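A.B. asks: Provided herewith is a single structure, encoded as structure tokens, for subsequent inquiry.
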Amino acid sequence: MGCCSSASAAQSSKREWKPLEDRSCTDIPWLLLFVLFCIGMGFICGFSVATGAAARLVSGYDSYGNICGQRNAKLEAIANSGLDHTHRKYVFFLDPCNLDLINRKIKSMALCVAACPRQELKTLSDVQKFAEINGSALCSYNIKPSEYTLTAKSSAFCPKLPVPASAPIPFFHRCAPVNISCYAKFAEALITFVSDNSVLHRLISGVMTSKEIILGLCLLSLVLSMILMVIIRYISRVLVWILTILVILGSLGGTGVLWWLYAKQRRSPKETVIPEQLQIAEDNLRALLIYAISATVFTVILFLIMLVMRKRVALTIALFHVAGKVFIHLPLLVFQPFWTFFALVLFWAYWIMTLLFLGTTGSAVQNEQGFVEYKISGPLQYMWWYHVVGLIWISEFILACQQMTVAGAVVTYYFTRDKRNLPFTPILASVNRLIRYHLGTVAKGSFIITLVKIPRMILMYIHSQLKGKENACARCMLKSCICCLWCLEKCLSYLNQNAYTATAINSTNFCTSAKDAFVILVENALRVAAINTVGDFMLFLGKVLIVCSTGLAGIMLLNYQQDYTVWVLPLIIVCLFAFLVAHCFLSIYEMVVDVLFLCFAIDTKYNDGSPGREFYMDKVLMEFVENSRKAMKEAGKGGAADARKLKPMASGASSA
């Protein structure tokens, strides 16, 4: 592909970039490979459906291989198979709360029943009465309802008492317990570090009790993120100082409120509190102390960082001003995270559904207990691994399509001299160019990220499986490898994004674009450091502002429920969601800034302002980089390589 060809490198150094002029298809072999891979993903789904996995997944099946809600064929050498379950449409587990995490299944006999027990059944007499009234037998098919209380087999072939009240899961015809205590047992099996079962029960009940508040706070974080995007668009000059002041006030206010609540709850009388509420109060007090200490440490670190970067804050105003102009001309950029998230959700839903199909596909095999399991044998058993690789590659492909779309739109904006001549919808024009010319480049870039991500995930899995068993040296080596792969993945992701920008500008293949982008970034290393440090930090402050505001609102609202619920987990859920929402919105802004800078660097390298080679850039952006260079030089970090004076657009002087 020319990634390492010296001849290609020489040709690249002589080649002149012609933004938006020549357009051709790039990395076609990689597009064909990606299409073939997607066909393989479709084959896995089709194979699962064709072998009956879809019917077994949706309708469910009992422990003898009979699909509920239909007539079944007899399975060789398997008792109770081939039954007519036309009127038995629901799967009922005799012990639904008994979960086997290792084998990812419920360790219980499953039967097809006509109806789920809506009320708790405490005795076998209640089970018998339920069968006689509703015509739904909850014991094995070999036992008649009249024999439930008479036979000794009832303990093994009837449900575990008491039978919890259950309701059918929509679309999947499984009887699921409605009592959250059963789900608490599931979570207890997953969360092994919780030693006190009652703690987990209180945490889950806290989430269930505060679900309306959690939903409202999540919506608040979404609204705050959109408001921040509007502020960035219209008042970018004031935004930096507003963010700085608000983050200072927010971090101080949040830390102060946490310490105030801790002191208030610690001084509150406990003599009149009942034992159940006393335990909840102690949990809240401990959580408040941890939150307060963490917030204090975070605030101190944040202030130190802001103190070091105070001289560069003013420079960020110019950068945000130019990026704000992009959003004024390209307002649809704000909604790009929604389309990407929607595409990811659709793919993940398809992937999970196919994964569930794979869990019920294969040939019927009788296990040691005499029950039926479906297993895949031969080469087809490796479809799982293919499916997992598909999850990573296609997810990265969707994210890369977003990067290429944003890069194409911003490149169109930057290299259009008269902004009145911009396409009616630059975003759609960029999507059109992506589909027509550059899907192969996106496929190749996302595959490279996949190659790094898979080994890191394997090492993380090995590390988790060997936790507590390996020696200190092996543990250190594993963690070092994981960290190195993570750093490599981040570096490649940043280089990929700039490679997509280079492809959007000059329509070159991935290797050529990555090499050109890398050379330009190295030539402008000091400028990259200044822009990325200041710009990314201010966007990080925006994320902190949204999380602090949402968290502060959550503290005030959940504080009214501290007498009857533990709000540690609800607050964590809200803050995590707020950060994810803020990250999705502000990452687009960060992407625009990176694309603008690469366009600027290319502009200054290949144009000098003379007739026929006029600059494309905005004057504000050039002034920003010049001021950044001066600031770094005054700090003693400027170098001779960056000592040339940048000239404004009208001057006609060259600059690098």
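Backbone N, Cα and C define each Cβ position, glycine as well.
OK, Swiss-Prot features for this one:
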CARBOHYD  ASN134  N-linked glycosylation site
CARBOHYD  ASN179  N-linked glycosylation site
LIPID     GLY2  N-myristoyl glycine
MOD_RES   SER651  phosphoserine
REGION    635-656  region 'Disordered'
TOPO_DOM  2-29  topological domain 'Cytoplasmic'
TOPO_DOM  51-211  topological domain 'Extracellular'
TOPO_DOM  233-237  topological domain 'Cytoplasmic'
TOPO_DOM  259-287  topological domain 'Extracellular'
TOPO_DOM  309-314  topological domain 'Cytoplasmic'
TOPO_DOM  359-379  topological domain 'Cytoplasmic'
TOPO_DOM  401-441  topological domain 'Extracellular'
TOPO_DOM  463-536  topological domain 'Cytoplasmic'
TOPO_DOM  558-565  topological domain 'Extracellular'
TOPO_DOM  587-656  topological domain 'Cytoplasmic'
TRANSMEM  30-50  transmembrane segment
TRANSMEM  212-232  transmembrane segment
TRANSMEM  238-258  transmembrane segment
TRANSMEM  288-308  transmembrane segment
TRANSMEM  315-335  transmembrane segment
TRANSMEM  338-358  transmembrane segment
TRANSMEM  380-400  transmembrane segment
TRANSMEM  442-462  transmembrane segment
TRANSMEM  537-557  transmembrane segment
TRANSMEM  566-586  transmembrane segment
A.B. asks: What parts of the chain pack near the transmembrane segment (380-400), using Cβ distances under 8 Å and only residues at least 6 beyond its ends?
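C.D. replies: For the transmembrane segment (380-400), the sequence-distant neighbours (Cβ-Cβ under 8 Å, at least 6 residues beyond its ends) are 34, 37-38, 40-41, 44, 47, 340, 343-344, 347-348, 351, 354-355, 358, 362, 442-443, 445-447, 449-450, 453-454, 457, 496, 500.
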A.B. asks: The transmembrane segment (238-258) vs the transmembrane segment (537-557): three or more C-beta pairs under 8 Å (separation of 6 or more)?
C.D. replies: yes
A.B. asks: List the same-chain residues at least 6 positions away in sequence whose Cβ sits under 8 Å from the Cβ of ASN179 (N-linked glycosylation site), in sequence order, or say none.
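C.D. replies: ASN179 (N-linked glycosylation site) has long-range Cβ partners PRO164, ALA165.
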A.B. asks: Can you say which of 288-308, 338-358, 442-462, 537-557 has the most Cβ pairs under 8 Å with the transmembrane segment (30-50)?
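C.D. replies: Between the stretches 288-308, 338-358, 442-462, 537-557, 338-358 has the largest tally.
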A.B. asks: Suppose I define contact as three or more CB-CB distances under 8 A, residues 6 or more apart in sequence; do the transmembrane segment (537-557) and the transmembrane segment (338-358) meet it?
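C.D. replies: Between the transmembrane segment (537-557) and the transmembrane segment (338-358), contact is absent.
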A.B. asks: In sequence order, which same-chain residues at least six apart have a C-beta under 8 angstroms from ASN134 (N-linked glycosylation site)?
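C.D. replies: Listed in sequence order: ALA114, ALA115.
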A.B. asks: Top stretch among 212-232, 288-308, 338-358 for CB pairs under 8 A with the transmembrane segment (566-586)?
C.D. replies: 212-232
A.B. asks: Which residues of the same chain, at least 6 past either end of the transmembrane segment (212-232), have a Cβ under 8 Å from a Cβ in it?
C.D. replies: 239, 242, 320, 323-324, 327, 334, 542, 545-547, 549-550, 553-554, 557-558, 561, 570, 573-574, 577-578, 581-582, 584-586, 589
A.B. asks: What does DSSP give as the helix, strand and coil breakdown of the topological domain 'Cytoplasmic' (359-379)?
C.D. replies: 3 helix, 8 strand, 10 coil
A.B. asks: Same-chain Cβ contacts of the topological domain 'Cytoplasmic' (359-379) under 8 Å, 6 or more residues past its ends?
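C.D. replies: For the topological domain 'Cytoplasmic' (359-379), the far contacts come to 47-48, 51-53, 56-57, 61, 63-65, 75, 77-79, 81, 104, 109.
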A.B. asks: So what's near the topological domain 'Extracellular' (401-441) in sequence-distant terms, Cβ-Cβ under 8 Å and 6+ beyond its ends?
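C.D. replies: Counting only partners 6 or more residues beyond its ends, the topological domain 'Extracellular' (401-441) has Cβ contacts under 8 Å with 19-20, 23-32, 34, 326, 329-330, 332-333, 336-337, 339-340, 496-497, 499-501, 503-505, 507, 509-510, 513, 588, 591-592, 595-596, 599-600, 603, 614, 616-617.
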A.B. asks: Take the topological domain 'Cytoplasmic' (463-536) and count its residues per DSSP category (helix H/G/I, strand E/B, coil), listing them in that order.
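C.D. replies: So the topological domain 'Cytoplasmic' (463-536) is made up of 64 helix, 0 strand, 10 coil.
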A.B. asks: With DSSP assignments reduced to helix, strand and coil, which class does ASN134 (N-linked glycosylation site) get?
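C.D. replies: Looking at the DSSP assignment, ASN134 (N-linked glycosylation site) belongs to a helix.
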